[in-house]
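Heads up, the thing below is written out as structure tokens.
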Amino acid sequence: MAGGNSEEGKGMLLRNGDDKVRHPSPQRGTPDSSSTQGHQFIDQIVTINVSGMRFQTFESTLARYPHSLLGDPTKRQHYFVPDTNEYFFDRHRTTFESILYIYQSGGRVKRPEIVPIDIFLREMRFYEMGDELLEEFWIAEGYEKPKEVMMPTNKTQRKIWELMEYPDSSLSARIIAFISIFVIALSIISFCWETVPSDNDDKVINMTTGELIDELDEKHYSPFFWIELMCILWFTIELILRFISCPCKVTFVTSILNIIDFVAIAPFFVNFFLADTNKSNSSMSFAVLRVLRLVRVFRVFKLSRHSVGLQILGKTFRSSVQEFCLLIFFMAIALVLFASGMYFAEQGEPNSKFTSIPASFWFVLVTMTTVGYGDLVPLSPFGKVVGSMCALIGVLTLALPVPIIVANFKHFYRQENRLASMKSTTKGDHEDDDVA
């Protein structure tokens, strides 16, 4: 009887109503009868019933992961049914086939297509497969494990860092994140509304002395100045607190988001001091101030700190640099070819606006990108033929790298969804443990 059992393959499946046991051919990882004849022990067969579907495997197969629920005889003893001499689990049947395959293959995690990720994760956690196998699962699903996050060692710094950097850490952090988003939106609206022309753009009356002051001094009395001042104070305090509490100053200074935060507040202080110190050269100072005000538009990128969508878009652009370079290369070649063709095709037309090859670049660019402003149009029949070919080639040129960029976007989008699913599943498991 023992010899017959040793010849049976691992992972034998018994269904309800079957009177006979099928003996499949040995698979990879299944001990052969010739290799087990010299063993002094008998490898027992364990029967596992999962919601009415019976599985059979060797004790040594389950022992490959001794800390799991099935691998530890003490843990699984709670589910043993003496009457049927089997272990009964009222769990998801389809998922258990993959769970058993993990034991048989030595750690290869493969989720069935018909099983949702959250169900598969709950089953893996129920059978206590361990963090290493969970990590293997996420890698198999295409999710890259994020780098280990550094946290400050000081308790006060850690609390401030979590408050300013991680909105999901507490209610106070969510409130601060909401205030930050509101201040960013207010600053952007103020920046845009400030450019709307008014009746007194050049001169404004000083309400204290009754004298006229120029535009450089107007900012001290405009409501936009006070809105900007309040926003800058919030951004400055936020940046200083994050810098003081950050775990690594070098990493903080070299971060792109932190550089954007600094660029967003620096023009205000430069603008403020230049307006007071360079009044002697007002024209030069006014030109510099206009450039500095333009830099304030980068403040819109501060929203990327609180927007997952903008972060996905940034990752997509960063991973699609080669595709963008390829697109620019194709566009440059087509730009030169069709601009030259359009120039020589329109040379005989008296009212033609294609006076040179560089002047034809604009027409080729807006035609290839399917914009077509209509400010430059070909007049000769040959020019129209060249313009038609330019439009067709432009569509093909733009269509070549776009699927790759879209695939990169879908990849990062799926990663974020899986990360959110993993966090929600982990949170749900912790809540279930607390209830139990």
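Note that Cβ sites are derived from N, Cα and C of the backbone, with glycine treated the same way.
Annotated range for transmembrane segment in TrEMBL, selecting from 285-302, 357-374: 357-374. Among 171-191, 224-244, 326-345, 357-374, 224-244 has the largest number of CB pairs under 8 A with the transmembrane segment (256-275).
Non-local neighbours of the transmembrane segment (326-345) in the same chain are 354, 356-361, 363-365, 367-368, 378, 380, 382-383, 385-387, 389-390, 393-394, 397-398, 400-401; each lies 6+ residues outside the stretch with a CB under 8 Å from one of its CB atoms.
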